[in-house]
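I have a structure here, written as structure tokens, and I will follow up with some questions on it.
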């Protein structure tokens, strides 16, 4: 018997509910009018979908709906299974299968290959218990637990129990849940408004036979989702159609107002059985729905559930049959006493009468058992009624599911949602056609959702055990993560120690004593005061591209014109003479372009290679880096080499005034706009700082008055072992794998070249412990420098949906869950926070030194900053500033981001030098 589903319907068209080929459609006007009520158009389904989605979003926001709505209850289940969960768990299932209670012993092995079937036993709940006092019900449950365990050698071990309680509850924790209202025929007094977990614990204690700890309260819908077999796509929706109906799904926690959280996901139980909207559901309600509702235990409540749930489908069929019989259409108008009795047609009867394999034979048998004498045409019409009622139920269920899928697609901002839906309940088990119609209707209503439906494996048993196991796994993984990241959480005391150590190293370095800080004089003796004027040239050499700049300093403005020139490999690795001749050629070309030929402008040279300065215009190249290896340069004064190249190029006059490193250039660039800027800070690929020191404190330069800019070279701070207590196993791994083990230890804990590597080593460690990526070791994480520091900035800049985290890690070939994404974010935050705090401790040491040098109670000072990590990371600058405020409360520090420190800064160093020279002449 092939069902014609809703595929291909146009707006306003109705889905066919023909039971099977060969069965005549009802021809009488009464039966047609009767069954026409159960037909639903696509437009009506779309209206239900939209209305339910609106109710869901209102409930998530905590807004009251004008009509009875869905509840959207957080279940505090925060993760779906990984497949590695293991252990023994006890499960108590109440309310999932009508008037019965089930106890299970579930063993999870952590592997698909070695699966242990759960042991279970079902207990029938007497009707007087279902309608009696609440304590009586929970005492009955405790007795059933004891009776079940009596059959097994449990001894006196503590047992972990998951409680599957399939009624609307308000959960405030995984093991705290208050019953909102009874459904499914239960009406035990004294339970609504009470914590059912505590009621069960009290009953178990009264029983006193076994030590049982109730650790999780789960409804059958959540258990269905959690009990789903792991497939190729995440199972993040659970759908139950049993005696009642409900759905749950994994929602972004930030959207659940009741949680007040902004990270991760949580499973939300929709409780859609209570959904009702007159505009959406009113047009599809029949007279039979109204009659069923009036006769129910809960008139006016659970209206949506009463159109779908298995507890009601048989009763709807009975009401239709009674109506047709009373009008003489069926059974010659003779209704038996049984047919007139509420509840005589059950879900199983409807399923059997729909079964295509038995034809109408089983219909005859069931009707005869009800005291009826059906003709062949009666059996066919009864079968048609069953199909009409169940088809509508499947279509309404599909409209509700489509609303959930739309919600998921929207909240995840995905063009096409790929998701698995776990299905459970006897309606799915007994009605194969129900699932087919559901699938077809979902495809029609949610065309951009690629959905696979997976039957849940004992959601009430294994699924509830899985919730308990997942909670245990998350708790264990959380402990490991916190232990791993604990060394990165610097205390105020630790930061104060770093500040003091930095201060001590500064003093020793200035006095020429052994120190990890070089404290090199730069021969820059003043910062800009705003009176600088004129045109200056600047050169910027630090890589394969070389810049020549014209910097015009006027009152209140600095204009920059620059030209980029490439340095061919043959020049970078050839003779030094040819390299500097090429540089001069570029300068001459720039002068021609700017109409400066023949002019001798003061020139500042930013030379970003290791140098020892002997004067403002003297710098000895210690060694080439960054792919340069020009011969005859190391150990030579690079300003002299430049001047010699100028001399060789006749008719060119250039006045080389200063050689500058990028840190000093940064300070000077900001100093023009803010005269209080007396410190420069670089936090990029590397890190360094400079500041204006009292000349009397600089042992290597004669003089007792005035200032001197000191290049700290603070990346080497801690090379004497002073940072050993802060160094982690991951820092050690990064250091040992570097090209300079044991060197630049401070830089390796702060700068952009190394933070990504620290994160990579932490991720490897957590993966090896099974905390990340399900413990699956991947080759990509083994590769050095695969995790770029820019990833930290992108990950920590991410929106709350963690899309960037997923994209970055998936591009690296890693398969991750939502939990993995959150943990990677936490790792990045811990590493970058420590880096910023260490940097802040260094800045605090410097500004405190400046304050005490001048004998001030309070100091107001600015710091010029440059570097990609500082500028691009979303939180680094704020963390540095906050740390300085804590460690140097007597200093008011303003951080200024530098603009072109290597160009503008070099020109301003030159401008200040010219100003000082002119003042000296005067």
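Note: Cβ is positioned from N, Cα and C throughout, glycine not excepted.
Remember, predicted model here, so these are calculated numbers, not experimental data.
Okay, these came from Swiss-Prot:
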- 1-23: region 'Disordered' (REGION)
- 25-469: domain 'Hexokinase 1' (DOMAIN)
- 82-218: region 'Hexokinase small subdomain 1' (REGION)
- 93, 94, 95, 96, 97, 98, 99, 100, 436, 437: ATP 1 binding site (BINDING)
- 93-102, 220, 243, 424-426: D-glucose 6-phosphate 1 binding site (BINDING)
- 166, 183, 184, 219, 220, 246, 271, 302, 303, 304, 305: D-glucose 1 binding site (BINDING)
- 475-911: domain 'Hexokinase 2' (DOMAIN)
- 529-660: region 'Hexokinase small subdomain 2' (REGION)
- 540, 541, 542, 543, 544, 662, 685, 866, 867, 868, 902: D-glucose 6-phosphate 2 binding site (BINDING)
- 540-545, 685, 752-753, 789-793, 868-872: ATP 2 binding site (BINDING)
- 608, 609, 625, 626, 661, 662, 687, 688, 713, 747: D-glucose 2 binding site (BINDING)
- 661-900: region 'Hexokinase large subdomain 2' (REGION)
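Could you place the listed features in the three-dimensional structure?
Mean pLDDT for the domain 'Hexokinase 1' (25-469) in this predicted model: 89.
For residue 99 (ATP 1 binding site), applying a Cβ distance below 8 Å and a minimum sequence separation of six or more within one chain yields 124, 125, 127, 130, 185.
Long-range Cβ proximity for residue 426 (D-glucose 6-phosphate 1 binding site), meaning a same-chain Cβ under 8 A and a gap of 6 or more residues, is found for 97, 242, 243, 310, 347. Look at residue 426 (D-glucose 6-phosphate 1 binding site): DSSP puts it in a helix.
Taken residue by residue with DSSP, residue 166 (D-glucose 1 binding site) is part of neither helix nor strand, so it is coil.
The DSSP breakdown of the region 'Hexokinase small subdomain 2' (529-660), given as helix, strand and coil counts, is 33 helix, 52 strand, 47 coil.
Other C-beta atoms found within 10 angstroms of the C-beta of residue 543 (ATP 2 binding site) number 13, with every protein chain shown included.
Summarising the environment of residue 869 (ATP 2 binding site), the number of other Cβ atoms within 10 Å of its Cβ, over all protein chains shown, is 27. Classification of residue 869 (ATP 2 binding site) by DSSP places it within a helix.
Using a 10 Å Cβ-Cβ cutoff, residue 687 (D-glucose 2 binding site) registers 29 neighbours.
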Run through the region 'Hexokinase small subdomain 1' (82-218) and tell me, per DSSP, how many residues are helix, strand and coil.
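DSSP composition of the region 'Hexokinase small subdomain 1' (82-218): 32 helix, 51 strand, 54 coil.
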With every protein chain in view, what's the tally of Cβ atoms within 10 Å of the Cβ of residue 867 (D-glucose 6-phosphate 2 binding site), excluding that atom itself?
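Step by step: centre on the Cβ of residue 867 (D-glucose 6-phosphate 2 binding site), count other Cβ atoms within 10 Å, giving 25.
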Please classify the secondary structure at residue 792 (ATP 2 binding site) using three-state DSSP.
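Its secondary structure by DSSP: helix.
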Looking at the binding-site residues 97, 544, 902, which one has the fewest other Cβ atoms within 10 Å of its own Cβ?
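Candidates: the binding-site residues 97, 544, 902. Fewest Cβ atoms within 10 Å: 544.
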Within 10 Å of each Cβ, count the other Cβ atoms, then let me know which of the binding-site residues 101, 792, 872 comes out lowest.
872
Name the secondary structure element type, per DSSP in three states, that contains residue 902 (D-glucose 6-phosphate 2 binding site).
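Where residue 902 (D-glucose 6-phosphate 2 binding site) sits, the three-state DSSP reduction gives coil.
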Which one of these binding-site residues, 166, 608, 661, 685, has the sparsest Cβ neighbourhood, judged by other Cβ atoms within 10 angstroms?
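Comparing Cβ neighbours within 10 Å for the binding-site residues 166, 608, 661, 685, 685 has the fewest.
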Please tell me which one of the binding-site residues listed here (93, 543, 687, 789) sits closest to residue 902 (D-glucose 6-phosphate 2 binding site), measuring Cα to Cα?
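That would be 543, nearest by Cα distance.
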Among the binding-site residues listed here (184, 303, 436), identify the one with the smallest other-Cβ count within 10 Å.
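436, out of the binding-site residues 184, 303, 436, has the fewest neighbouring Cβ atoms within 10 Å.
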Between residue 95 (ATP 1 binding site) and residue 166 (D-glucose 1 binding site), what C-alpha distance do you get in Å?
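Counting only the Cα atoms, the answer is 5 Å.
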